[in-house]
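Trainee: Let me begin by handing over the structure; questions about it come next.
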Amino acid sequence: MLLVLGRRVSLSFVKRVIPQDPVLLSKPILQNFRTIKFRVIHSSTVFAIATRQNTDTMPERRPFVRLPTDVYPVNYGLCLKPDLIDFTFEGKLEAIVEVNLATNQIVMNCADIDIITASFVPEGGEGEGEILLAFFSYSLEINATGFNYQNEDEKVTLSFPSALQKGSGTLKIDFVGELNDKMKGFYRSKYATPAGEIRYAAVTQFEATDARRAFPCWDEPAIKATFDISLIVPKDRVALSNMNVIDRKPHPEDDSLLEVKFATTPIMSTYLVAFVIGEYDFVEGQSSDGVTVRVYTPTGKAEQGKFALEVAVKTLPFYNDYFNVPYPLPKIDLIAIADFAAGAMENWGLVTYRETALLIDPKNSCSSSRQWVALVVGHELAHQWFGNLVTMEWWTHLWLNEGFASWIEYLCVDHCFPDYDIWTQFVSADYTRALDLDALDNSHPIEVNVGHPSEVDEIFDAISYSKGASVIRMLHNYIGDEDFRKGMHSYLLKFQHKNAATEDLWDCLEQASGKPIALVMSSWTKQMGFPIIVVDQEQQGDDRILKISQKKFCASGPHNGEDCPKWMVPISICTGEDPGCTKLKVLLDSPETTITINNVSPDQWVKINPGTVGFYRIQYSSAMLESLLPGIRDLTLLPVDRLGLQNDLFSLSRAGMISTVEVLKLMEAFVNEPNYTVWSDLSCNLGVLSSLLSHTDFHEEIQEFIRDLFTPIGLKLGWECKQGEGHLDALLRGLVLGKLGKAGHKPTLEEARRRFKDHVEGKQILSADLRSPVYLTVLKHGDSATLDTMLKLHKQADMQEEKNRIERVLGAISAPDLIQKVLTFALSEDVRPQDTVSVIGGVAGSSKHGRKAAWKFVKDNWEELHNRYQGGFLISRLIKLSVDGFAIDKMAAEVKSFFESHHAPAAERTVQQCCENILLNAAWLKRDADDIHQYLLKRKAPPV
């Protein structure tokens, strides 16, 4: 699954379980009407009481036991009949199971589902009576006498009047459920037809633990089985599942319905099962290795699927070749879902996406959207092998799934689009983001012991994804590509159709490379944090002697405790003679060491971590740092190393290890910088600083600094695309113009207003790459008429990408009454549920007033927001975006206090991280604000 970091849950199943139209109900369901009604109301009450008991203190980890193994599934025969009007579904399960140990009960996962009848049919006993039992098997059907729902643990126990004997049998269950509106389980997704009529599709999102909301099952990744799925759907709807359709026939009881039967799946985990019923068009292609690829789009938008199709058709053969293992299914479908919490989900053979992660309009999509679609397609298709073919044994090893896919998506995009310079972008997008989060005291190790389902969502975060990807990138560099591929191939072959743990991958890579992989990697996955490498040097003749030591890096400064953790750190070194070539590689396995580099003249610089691959910060001695700075101005340092150097120093300043003024001086050295990603990282760090200084009375001075820094590159780029420019030039132009416009650069503001006016009046439509910077600039310096025009553009937009583009910048508006209007709009019907978070986040990130208003809005509307997003990663994202920018100690106490009385269990760690960040911001401001102010005043004072 790929995150835009977001996702959400259901509490309310009550009162709408039973369809209002009794025609759809089979007789057994009607006979059990009273039982269901009583059972659901009762379970709801139990849940409410359990929730209230938790309101006094932060909840402790709930006790949790995995499912018993005395009965396990071999094959699920599943038939589902969704009602797209009343938002319910009926289901029939006939599961072939194996009874390992005689038992009179079967424990399964089940949530928000009502079981109507359940029975067990043995397929034959043991010994002499076997043939006779098989012959009379249906007369031996054993009806369950009770269903005991354990709602907190999302389990049901089916009780039988006598013991089910060891051997095979069929478990039959009839059940009903709700097509919920929580974007998890089997849910409804709202869309408009080309004529504007509102309709609903029925779609699924099962990772991590929501298959149990669609059918009773053994919903654990290690309990794999095959699936035979049938869907009973309106005949004018498209029905899709993991496998290809093998039969389609009219429903015997209703000729407006079709029964669609799909081929048997390979053995797989429940969280990868998927089905979609709705109205879609598609484009189709075939990969060079013969797999049919389809991209399903909203009706009338098939052309918008062509770019993703092109990427997918290139990507499948790339992975086939890289893993040296063929894709095992006959087809793969990629489908855009209107209401979708994550970025995408890797269901085997039927990958679901947010519309913005799959659809590209040749005229109206910007360059960053194309890049995003390419990365997301690369990520999800990697999972078809790494995750689907070989699956983690338990959620503790989730990081391996997500970290690996988050790394190899870049390898794939680099193969498909070498002009994207995507590995430099990885450093800014994933590597530095992971370092920032992992420096907190409230971080967590990559491998987290996960128990209760409520804990799983919390580890879908930047540690699992971005740190996971970063340490795999470091490992790949340490091993070398050839041995890495060899190890991957043997891992996939050894564990295909099975489950594996982190250690299994280390074993295979160790055998392929002959290096101590498990020893090295356990120091990165089993303990949280990372080291800061402290470096000093001296010249001895023609040799350079480096003194290198490691200690834990903390966002509040270096770790000075006695029991300092240590890491096995692969360290590479290059020199000014050849900045792109590694001169020496060592493995630092002790707190400190001395290294000699031969034949380095005194005038050459020495750099640690070329390529910014090792997952650590670096603190150079003053002399070493001085020698590296000219490499920034004259561009002899590689772009990724210029970026890494600046980012390390920025992080050291936040931790109080150097003055922020030193970083501002360094930033001024980037005046000749041509690289998009370097500018992007600078821009991001200046955004952090600007947000911090919004708490002071000299916020305008940092805006002036930003204008001065970005004006030369802005003038060089101009507004119009020039001949010979490519993807990265388009990204850079959008970034620079947006930065200048937001900072109040007058020529940029005037030109943005002119172009916006022409765009609105239809005289000259803005190119897709200029829309975000122009919208942002006119809103930041706009009034109520500007906001109204923007909201009108939002209403008229036919493309979700354009709607999202507008939603993300609405918060830039300055007037308090207009900020309130934007916040109200965030919860309106005009904004898709998953996008509300980015509207509120945009307000919080735009100004000091916006931050206060957004936090108040979140508190005032907490019940509605929490009910929308409760057990998922969207609630964590909402909290982080709303409060992370505060820089006053008392705000940390206020945030902590609010969440002690308003529980969000899935975001508990996020709340702690936000409180820590607020305190770090406050300390940073107290420590450096005066020096920063003096520096900014001095640099604009006339020379004496």
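In case you wondered, yes, glycine gets a Cβ from its N, Cα and C as well.
In TrEMBL, annotation is done automatically, which means it is predicted and not curated.
According to TrEMBL, the protein has these features:
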type     : residues               : note
ACT_SITE : GLU380                 : active site, proton acceptor
BINDING  : HIS379, HIS383, GLU402 : Zn(2+) binding site
DOMAIN   : 73-272                 : domain 'Aminopeptidase N-like N-terminal'
DOMAIN   : 307-524                : domain 'Peptidase M1 membrane alanine aminopeptidase'
DOMAIN   : 605-918                : domain 'ERAP1-like C-terminal'
SITE     : TYR465                 : site 'Transition state stabilizer'
Trainee: Recorded positions HIS379, GLU380, HIS383, GLU402: which have a Cα within 10 Å of TYR465 (site 'Transition state stabilizer')?
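Mentor: Of everything listed, what lies within 10 Å of TYR465 (site 'Transition state stabilizer') (Cα to Cα) is GLU402.
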Trainee: Across all chains shown, how many C-beta atoms besides its own are within 10 angstroms of the C-beta of HIS379 (Zn(2+) binding site)?
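Mentor: Within a 10 Å radius of the Cβ of HIS379 (Zn(2+) binding site) lie 29 other Cβ atoms.
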Trainee: Work out how many Å separate GLU380 (active site, proton acceptor) and GLU402 (Zn(2+) binding site) at their Cα atoms, rounded off.
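Mentor: Distance between the two Cα atoms comes out at 10 Å.
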Trainee: Under 8 Å Cβ-Cβ from GLU402 (Zn(2+) binding site), six or more apart in the same chain: what's there?
Mentor: MET1, PHE460, SER464, TYR465, GLY468
Trainee: What number of additional C-beta atoms lies within 10 angstroms of the C-beta atom of TYR465 (site 'Transition state stabilizer')?
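Mentor: Other Cβ atoms within 10 Å of TYR465 (site 'Transition state stabilizer'): 27.
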Trainee: What other residues of the same chain, not counting HIS379, HIS383, GLU402, have a CB atom within 8 A of the CB centroid of the Zn(2+) site?
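Mentor: In sequence order, the nearby non-listed residues are MET1, LEU2, GLU346, GLU380, ALA382, PHE386, GLY387, ASN401, PHE404, ALA405, SER406, GLU409.
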Trainee: For the domain 'ERAP1-like C-terminal' (605-918), provide the mean pLDDT of the predicted model.
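Mentor: Averaging the confidence scores along the domain 'ERAP1-like C-terminal' (605-918) gives 95.
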Trainee: May I ask which residues of the same chain, at least 6 positions away in sequence, place their Cβ under 8 angstroms from the Cβ of HIS383 (Zn(2+) binding site)?
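Mentor: Sequence-distant Cβ neighbours: GLU346, ASN401, ALA405.
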Trainee: What is the total of other Cβ atoms whose distance to the Cβ of GLU380 (active site, proton acceptor) is within 10 Å?
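Mentor: For GLU380 (active site, proton acceptor), the count of other Cβ atoms within 10 Å is 29.
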